[in-house]
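As given in Swiss-Prot:
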- 144: active site, charge relay system (ACT_SITE)
- 205: active site, charge relay system (ACT_SITE)
- 527: active site, charge relay system (ACT_SITE)
- 35-111: domain 'Inhibitor I9' (DOMAIN)
- 116-589: domain 'Peptidase S8' (DOMAIN)
- 362-433: domain 'PA' (DOMAIN)
- 175: N-linked glycosylation site (CARBOHYD)
- 228: N-linked glycosylation site (CARBOHYD)
- 450: N-linked glycosylation site (CARBOHYD)
- 564: N-linked glycosylation site (CARBOHYD)
- 598: N-linked glycosylation site (CARBOHYD)
- 610: N-linked glycosylation site (CARBOHYD)
- 668: N-linked glycosylation site (CARBOHYD)
C-alpha cells in the first residue's frame, strides 16, 4: 500500500522540478536582450570567415550548439561584428574578449523642395555650372524609411546603365521596381503584420530625403497648391541607392539595421551617405551605430552627412558628434506658408500648412476650457484626449493651448482649430484646418472672445509669402556644445530644413489621422536639411572626384555664409546653433584651401582620447598604435575646419590650435591671415602662407586668449585666410560650462 504513495510523491517532485526548470528557462529567455557586438574592421586575412567566427564565439559564450534563435544579424562586408540575443552575464563575457571593441544594446533611433536650392544659389539654369558626366557616376546612399519607386523624382528615363564601380543589388521585395536612377534597394526592417517586407516607403520620410538630395527635376509640383514650382535634388543626374531601416510598425529605426545598412552601403561603393536619423542623447563613439558606420565609411573615402537632431533649442542636445561625420543644423528659406485667422475685429497671422479652403466663412469660436465637462481646466485647455464634449465643439473652431491635440477637436466634430505654440517656424500639416499662433497672437484671440458674446472667426487656406528674413536658424534643432568631445564644434553647418517641398509616398498619410494621399508634401526638420548638404557634397564631388570626405566637408564649411547671434531669437547659442554658417554651394566649388584629416589623423585623435592599443588595432584593422606624442595630443588639434576649446569659467585662458591647410586653389598663391571679432585676442603664426604648388601643405598655430567667458557662455572670432580671390573662414569658439 505504500508504493502508490511513493510513486505519487516521486511524480510530484519531478513535476515540481519541471515547473521550476521551465520557469527558469522562461526567465532566462525574458532576460535576454538584443546587443550589438562590435569587433572593429574586418581582418585582412584571406582565410577569415566572419560568419563562422561569429557563430563560434556565440556557441562558446552561450554553451549552445544551435544559435539560430540567438544570432540576429552579421556584419561581414565592410566591418566586423554581429547582433545577438544575450543575457547580461553573456554580454559581460563578450565585452571582456580581446577581439571585441564594445557591446551595447540594440536601441531604437528616430527619423529626425521647390525653392530651397534656388535660395542657396544652385539654380535650375544653364548658367549654373554642372559636370553632369561625373555627377551621373555619383551614387548617394540613403539610409532611411525606404522610397516610393514610382515617383517621377526617381524615374530612370534618360539615364544610362549604373556606374561600373557599383557593387550593389536591388532587393526591394515584392512589387518593387528599380531603374537606372534608383539603382539599389535593400531593407533591414523586421517582418511585421500589415507591413510587407519591402524597401517601399510607408512613412514618406525616405522619399522626401532622397528626392531632396538627388531627385529628378519635376515641374508643377505643390502640396495642394502650396509651394508650387519645380521639385529637384541638388544633383538630379546622380544615382540613388536606398537602405531601409525604419518602418512605422517598428516605431523607430533599430541599431542592428542601421549598422547592416552601413555594412552594405560601404561595400556597394556609394560615394556619399545621407542619414537623417539619430538618438535623443550623444553616446561614446564605440556605442554609437552611426559613428561606427561612419568611421568605416570615412576610411573607404565615403562622406557621411547626418542630421543634428530636433531636440532644440536647448544647449548640449546635439547627438551627432563624431568629427568624421558632417553634422547639419536647419534654417528657413525666404519662403513661408502663413495661415491667417480672421476675427470679428481684425486679423492675426498664424503658421501651419493648411490646404483646406473654408471659403472665408466664419464659424463660432469656443475655448477648450469651456468645452469640457469631464476634465480639469488645464487638460481641457490643451484639448487632451477624452476631454472635449462633442456637443460643445461640433461645427465650431476650437482654441487649444497646445499644438499636440488638434486631431482630438476634429474627432469631436470641430470645423477647425487654432492652437498655441512657442514655435512658429515649424509648419506642421494637419488633417483638417488648423492655424498655429504665438503667445501674443493667441492671447489676442482670447481677448477678442472675452469681449463679445458670440465670437466668430475664419481660418483661411495657407498663403505662400516670399522675402521673409533668411537664412535664420530654426528653433527646433539640437544645439551644441558637444558633450562627448567638448573641443569639437557641432553642428558643423546649416542648411534649409523648414517647410521643404519634396517627393512623398502615397503609401503614407501626410499627417496623423489623415486620409489623404499625396506624391509631394511639405516637411520640416534637420531630416530635411541633411540631404541638402548631401546634395551639395555630391555636387562638389562632381568637380573634384578625388577629394577625400574631409576635403569636401572643409570646402563647404570654410565657404559658408556667415551667420551671427543677432539675426534670430534662436541664434543666442551662436556657433553652437549654426556651426560654421549657412551652406553656399557655388562658392564651395573653389575654396582655395582645405583642412584635410584622413584615417590616420582620426586614429591619432582617438589616441588622444586614451583608446586602448587593442581597440585601436581592432577599429583600424591594421597595426595602428599610439606614440607618446599622440597620447598627449589634445582633441582640439585634430585638423578640423573649426576651432573650439572648453575653458574654466571666468578665468584667464590661453589655448593653442594647430592646423594644416592644403592648397587646392592656384599655384604661387600667398594667403594672409585676418581675424574678425573683438571678443578674443587671437595670434596666428605664421600670419602669411606662401604656397608654390597645388596640393602643397602649410602648417600654422592659432593662439586664442582672454579673460574667460562666464559659465554657460561663449566668445568667438573668425579666422579668414585670403589671397584676394578666396576667403577661407574658420570659426574660433571658446566657451565655459558649469
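Backbone N, Cα and C atoms are what each Cβ position is placed from, and that goes for glycine too.
Everything Swiss-Prot records as a feature, shown here on the structure.
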{"residue": "144", "record": "active site, charge relay system", "DSSP (3 states)": "strand"}
{"residue": "175", "record": "N-linked glycosylation site", "DSSP (3 states)": "coil"}
{"residue": "205", "record": "active site, charge relay system", "DSSP (3 states)": "helix"}
{"residue": "228", "record": "N-linked glycosylation site", "DSSP (3 states)": "strand"}
{"residue": "450", "record": "N-linked glycosylation site", "DSSP (3 states)": "helix"}
{"residue": "527", "record": "active site, charge relay system", "DSSP (3 states)": "helix"}
{"residue": "564", "record": "N-linked glycosylation site", "DSSP (3 states)": "coil"}
{"residue": "598", "record": "N-linked glycosylation site", "DSSP (3 states)": "coil"}
{"residue": "610", "record": "N-linked glycosylation site", "DSSP (3 states)": "coil"}
{"residue": "668", "record": "N-linked glycosylation site", "DSSP (3 states)": "coil"}
Are there any residues in the same chain, six or more apart in sequence, whose C-beta is under 8 angstroms from the C-beta of residue 205 (active site, charge relay system), and if so which?
111, 144, 145, 246, 276, 523, 527
By a simple count, how many Cβ atoms lie within 10 Å of the Cβ of residue 668 (N-linked glycosylation site), its own Cβ left out?
10
Rounded Cα-Cα span from residue 610 (N-linked glycosylation site) to residue 564 (N-linked glycosylation site), Å:
35
List, in sequence order, those glycosylation sites among 175, 228, 450, 610, 668 whose Cα sits within 10 Å of the Cα of residue 598 (N-linked glycosylation site).
none
Just to confirm: which same-chain residues, 6+ apart in sequence, have a Cβ under 8 Å from the Cβ of residue 175 (N-linked glycosylation site)?
198, 200
Alpha-carbon spacing, residue 450 (N-linked glycosylation site) to residue 668 (N-linked glycosylation site), which is rounded to whole Å:
74
Count the other Cβ atoms sitting within 10 Å of the Cβ of residue 228 (N-linked glycosylation site), across every protein chain shown.
15
Between the Cα atoms of residue 668 (N-linked glycosylation site) and residue 610 (N-linked glycosylation site), what distance do you get, rounded to the nearest Å?
41
Hey, how far is residue 610 (N-linked glycosylation site) from residue 228 (N-linked glycosylation site), Cα to Cα, in Å?
54
By Cβ count within 10 Å, point out the most packed of the recorded positions listed: 450, 527, 564, 598, 610.
527
Tally the residues of the domain 'PA' (362-433) by DSSP class, grouping H, G and I as helix, E and B as strand, and everything else as coil.
18 helix, 15 strand, 39 coil
